[in-house]
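> Got a structure for you, questions after.
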């Protein structure tokens with residue numbers, strides 16, 4: 001089976017003084033998360049669409065989805081303490097509710113990236129079926145510098161080998177779950193990217209080309225950019 005998981009577990013601290021997590025903030029009259037989920041319900045290959053929310057915001061998430069979307073594939077579940085635990089909670093839910101087989105895949109995506117495309121989703125599904133681990137990326141436009149002490153440059157990687165990670169990130173569910181369980185508690189705590197779980201296990205991670213406009217709405221500036229993107233699309237329709 002093919003599952004989607006919308007990662008809506010963040011609290012949005014970088015958005016400033018707002019009354020709710022950033023995924024529920026309005027974007028052109030609808031919550032950001034609704035725009036994102038709408039992209040996934042258009043794809044008929046998904047058997048279920050999981051929305052992972054902070055426990056205290058689950059009812060709010062359900063109310064927002066029901067207000068704008070009618071699709072019985074959608075289910076709201078509780079997120080985890082961090083990004084990777086949220087993904088693992090999704091896999092545990094699937095295992096408990098539907099059972100897992102060796103071919104099941106999951107396409108995980110930030111709730112606050114509402115501009116992903118059908119192509120990106122399709123290529124993630126196909127690559128996950130083929131390889132078991134996928135990351136969506138764009139080429140790095142700026143030179144990347146590395147600083148181990150946060151004061152002086154320690155390295156400048158070759159730019160044409162550098163990419164900026166986006167989402168979706170997609171996985172064979174059994175593989176990524178088993179790899180995660182084999183990590184030490186210390187490694188689990190410092191890992192911030194799910195694809196690194198697979199890399200540490202020696203798996204190859206396939207790259208899927210993202211889009212510059214597949215932005216993550218994290219700050220007030222990002223929200224202004226997102227509104228501008230939508231207004232431009234409305235004007236061009």
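From the backbone N, Cα and C atoms, a Cβ is placed for every residue, glycine too.
Feature list, courtesy of Swiss-Prot:
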type	residues	note
BINDING	7, 8, 9, 10, 80, 81, 82, 83, 84, 85, 86	CTP binding site
SITE	14	site 'Transition state stabilizer'
SITE	22	site 'Transition state stabilizer'
SITE	159	site 'Positions ribitol 5-phosphate for the nucleophilic attack'
SITE	216	site 'Positions ribitol 5-phosphate for the nucleophilic attack'
> Rank the binding-site residues 9, 80 by the number of other Cβ atoms within 10 Å of each Cβ and report the first-ranked residue.
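Ranked by Cβ atoms within 10 Å, first place goes to 9.
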> Counting Cβ neighbours within 10 Å across all chains shown, tell me which of the recorded positions 82, 86, 216 comes out on top.
86
> Tell me, how many other CB atoms lie within 10 A of the CB of residue 7 (CTP binding site), whichever protein chain they belong to?
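Residue 7 (CTP binding site): 27 neighbouring Cβ atoms within 10 Å.
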> Per residue, counting other C-beta atoms within 10 angstroms of the C-beta, which of the recorded sites 22, 159 reaches the highest number?
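For the recorded sites 22, 159, the Cβ with the most other Cβ atoms within 10 Å is 22.
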> If I restrict to non-local contacts, at least six residues apart, and a C-beta distance under 8 angstroms, what lies near residue 84 (CTP binding site) in its own chain?
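Set apart from residue 84 (CTP binding site) by at least 6 residues yet with Cβ under 8 Å, we have 180, 188, 191, 194, 197.
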> Give me the CA-CA distance between residue 9 (CTP binding site) and residue 22 (site 'Transition state stabilizer'), in Å, as a whole number.
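About 10 Å separates the two Cα atoms.
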> When the Cα-Cα distance from residue 80 (CTP binding site) is computed for each of the recorded sites 22, 159, 216, which gives the smallest value?
22
> Which one is it, among the binding-site residues 7, 82, 86, that lies nearest to residue 22 (site 'Transition state stabilizer') by Cα separation?
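In terms of Cα distance, residue 22 (site 'Transition state stabilizer') lies closest to 7.
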